[in-house]
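Report on the following structure.
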Amino acid sequence: MTDATSDLFTLPKAELHLHIEGTLEPELAFELADRNRIRLPYESVDQLASRYSFTDLQSFLDLYYATMTVLRTEDDFAELTRRYLRRATAQGVRHAEIFFDPQAHVSRGVPFEAVVDGIGAALAEAARDQDVSGGLILCFLRDRPVVEAEQILTTALARVDTLIGVGLDSAEVGYPPSLFADVFGRARAAGLHAVAHAGEEGPASYIGEALDLLEAERIDHGIRAVEDPALVGRLAHEETALTVCPLSNVRLRAVPDLTAHPLRSLMDAGVRVTVNSDDPAYFGGYIGDNFVAVQDALELTDLDMMRIAQNSVESAFAPLDRKVALLHEIDGWAARAGVPLT
Ligand SMILES: Nc1ncnc2[nH]cnc12
Ligand SMILES: [Zn+2]
């Protein structure tokens with residue numbers, strides 16, 4: 001049991017690891033399939049949902065890429081993002097840095113502009129109506145040829161104003177960060193932030209490569225760092241944030257169950273850990289659900305959860321005044337909840 005008494009859905013937080021295509025709920029997938037006259041190979045929403053059982057990252061990616069083919073127009077991307085932001089704000093998200101996989105769309109004939117303009121329109125609406133801030137992070141697909149990443153970056157740099165950063169995702173093992181050193185160098189030279197998935201299924205050495213060769217400012221997942229104590233020391237010393245996704249790690253069997261999740265030992269070692277949802281439509285919960293599940297499984301205190309929320313804001317690529325305002329909101333939450341600050 002924990003001493004949890006607070007409502008973690010109302011704890012203000014930033015979401016730093018969220019693939020917008022991974023927010024495609026089965027209901028919307030069917031709506032968009034109808035609208036775009038695409039036939040999904042499932043009879044019903046329930047039949048599609050029943051396929052959400054995975055043995056590893058690749059088994060998930062196969063379904064993820066197949067289902068996202070229903071996304072075709074700017075409006076589709078806007079509606080997807082609107083629905084995500086509605087759910088996320090109901091679970092306390094005040095700032096969202098959203099990943100997207102343009103190669104998976106452009107390769108099907110969807111223009112890059114339709115993707116960024118659709119997601120961007122929904123983000124702008126939410127900024128106006130719900131006081132949620134955020135931005136877009138373009139992810140390169142590491143299991144596709146490097147030249148394709150170079151090409152999508154060239155396309156993206158014509159609309160660099162729509163982006164805050166670049167990332168690296170998809171199948172990890174066998175696709176080390178070193179392959180993308182030049183692409184990331186170009187992106188950083190254009191003023192973009194850099195993050196990378198590393199140490200989800202892949203070895204801890206990929207985390208060091210992402211830091212040294214990609215100059216990644218945050219590591220997405222990074223949980224296999226626990227296998228290398230020197231690396232854990234480095235992450236703590238350099239205050240590198242890990243964007244951890246606990247429910248994802250269980251569903252993709254990167255950890256056997258939540259009680260065995262390394263989040264707590266990483267935190268205890270001084271690593272700046274954040275909690276995020278990854279692909280919430282597929283993994284059984286949005287960000288607040290992840291907060292509740294880890295608090296329960298790892299017996300974290302309300303103060304621990306508050307620190308995780310503070311880490312998310314401190315590690316965000318948001319303007320300083322926005323971060324200060326959100327840190328004040330977290331203090332207000334703690335005061336209302338009576339969280340002891342020691
Ligand atoms: N968990 C994950 N790891 C790597 N690539 C992804 N793309 C979407 N979700 C992902
Ligand atoms: Zn991810």
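Positions of Cβ are set from backbone N, Cα and C atoms, glycine also.
Those TrEMBL annotations? Automatic predictions, nothing curated.
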Which of these, ASP278, ASP289, ASP296, ASP302, does TrEMBL say binds Zn(2+) at the same site as HIS17, HIS19, HIS197?
ASP278
Can you tell me the three-state DSSP label for HIS197 (Zn(2+) binding site)?
strand
ASP279 (substrate binding site) has its Cβ surrounded, within 10 angstroms, by a count of other Cβ atoms equal to 24
Under 6 Å from ligand 1 by C-beta, which of these recorded positions make it: HIS17, HIS19, HIS197, HIS221, ASP278? Sequence order, please.
HIS19, HIS197, ASP278
What's the CA-CA gap between ASP279 (substrate binding site) and HIS17 (Zn(2+) binding site) in angstrom, rounded?
9
Far apart in sequence but close in space: which same-chain residues, 6 or more away, have a Cβ under 8 Å from HIS197 (Zn(2+) binding site)?
ARG142, GLY167, LEU168, ASP169, GLU172, ILE219, ASP220, HIS221
Give the residue counts of the domain 'PI-PLC Y-box' (40-115) per reduced DSSP state, in the order helix, strand, coil.
44 helix, 8 strand, 24 coil
